[in-house]
């Protein structure tokens, strides 16, 4: 009968939606929706990269203000040359574009626009993971890095006087907290992508026909 068919289709739709609701959540920190969280995250990254771009453009217009000599750094290199400035400016522009795409995609519910920002998050997480692994495998690199810092670097002597094992544990703990936070942000963006993609692809319709009405 039509009623039995409707019940069967309704059961099938429930079975399709149950795994979807099981493996992701629509809410993120502060009980916000994942779309709202992704928009806030995209705007935050957009502001940070815009500030960085303004600083880089200011440095390009006034190079003497941001160039440090090798004597000031205690080494044989400059803090930022013209080539590095141009590369950093291009990266900042690319990041602004990616963040703007993610914000627009979350707002207008275009899932494909979020993918570049999600890929950037995965790449950033992988880099931080490699840093944590390198610190764990080669703990002596921390001391080598501290020795290469300028002599006028704040608290350089105090940091070098800390026990090397304790210093490695502190750095690993700090990196672990950062990785956990970044992983949570990745999950928020991924859940937003799945939510929007699921809304755009939800084409299952259930028709229940009676003698008088059709729903």
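One is the number of the first residue shown, and numbering goes on along the chain from there.
For all residues, glycine too, the Cβ spot is worked out from N, Cα and C.
Because the structure is a prediction, the values reported are computed rather than measured.
Under the heading transmembrane segment, TrEMBL lists 43-60 (among others). Long-range contacts of the transmembrane segment (43-60) within its own chain (CB-CB distance under 8 A, at least 6 residues past either end) are made by residues 66, 80, 85-86, 88-89, 92-93, 95-96, 99-100, 102-103, 117.
Summarising the annotation, TrEMBL assigns transmembrane segment to 87-107 (among others).
Same-chain neighbours of the transmembrane segment (114-139): 38, 42, 45, 95, 98-99, 101-102, 105-106, 164-165, 168, 171-172, 175-176, 178-179, 182-183, 185-186, 189-190, 192-193, 196, counting only residues six or more beyond its ends whose CB sits under 8 Å from a CB of the stretch. Among the features that TrEMBL reports, transmembrane segment is placed at 114-139 (among others).
The transmembrane segment feature in TrEMBL is assigned to 159-181 (among others).
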